[in-house]
Amino acid sequence: MRGIYLVGTDTEIGKTVISAALVYILCKAGYKTAYFKAALSDAEELNGKLIPGDTEFVCSLSGIQEDYEKLTPYIYKTAVSPYLASKIENKPIDIQVIKDKLTKLENEYGYVLCEGSGGVICPITDVDNKIYTLGNLIKDMKMDVILVCRAGLGTINHTVLTVSYLKNNGIEVKGIIVNQYEENRLCKDNINMIKKMTGIPILGVMPYINENKKNFIEELKYNACNIFKADEIAGLMKEV
């Protein structure tokens, strides 16, 4: 079983879009791949049941047919971080449950792509003044990371600091994916500086796609197939 964690440098940078793109090309190429997101907030309620939008989107795009609760153990309605939502809704997160669910997926599928719930330093739990972060989970599960960053203003600082934190905590960054790229001098220079300052390979550059466009899904699939190579992504996944 092979897996990898996809982590973002900031909020609203399109981790789920990139996750969906990667899972889509892996499944399309014949790799039996699952998607996993430990906790999700801001879920919509439908017929008395919470629907994890990110998980629904990835499954819809890639064709994965699984119960959402199997892929996302903790689902919250409140539109704050999953950690805070768990406190507000009095539904605590159990780290062991997350680990067990992920291990079960790893045993059922050949490949698992995990999407981080927030950034690498974001807390998942705070029990008895012991803060457990996404980074702790990644390290405990012995996984490597693909880092997603935005192309625009501010990305150099966010990306270099995140890479530094991951390296200092013994987590290997296998590559960087630049999202929301626009054809201008700023974005080009940002990518060049990120390569120079981190020494991490750029796995792909995804152009900005308006999610409200009528043909958003078709455009995302087209770009995914033209930007990423399934064999390369699968090869980055560490045996766990």
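Backbone N, Cα and C define each Cβ position, glycine as well.
Counting only residues at least six positions away in the same chain, the Cβ atoms of A151, Q180, Y181, E182 sit under 8 Å from the Cβ of Y208 (ATP binding site). In the three-state DSSP assignment, the secondary structure recorded for Y208 (ATP binding site) is coil. Residues or ranges marked as ATP binding site in Swiss-Prot: 12-17, D54, 115-118, 179-180, 207-209.
What Swiss-Prot lists as Mg(2+) binding site is T16, D54, E115. Around T16 (ATP binding site), the same-chain residues six or more apart in sequence whose CB sits under 8 Å from its CB are D54, F57, V58, E115, listed in sequence order.
Here K37 (active site) comes close to P52, D54, T55, L71, T72, C114, E115, G116, S117: these same-chain residues lie at least six apart in sequence, with C-beta atoms under 8 angstroms from its C-beta. Under the heading active site, Swiss-Prot lists K37.
If you look up Swiss-Prot, you'll see S41 marked as substrate binding site. In the three-state DSSP classification, S41 (substrate binding site) falls within coil.
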If we count other C-beta atoms within 10 Å, could you say which of the binding-site residues S41, Q180 has the fewest?
Q180
Other than T16, D54, E115, which residues of the same chain sit close to Mg(2+)? List them in sequence order, counting a residue when its Cβ is within 8 Å of the Cβ centroid of the site.
K15, S19, A20, Y35, K37, L40, T55, F57, V58
Which of E12, E115 (the binding-site residues) has the most other Cβ atoms within 10 Å?
E115
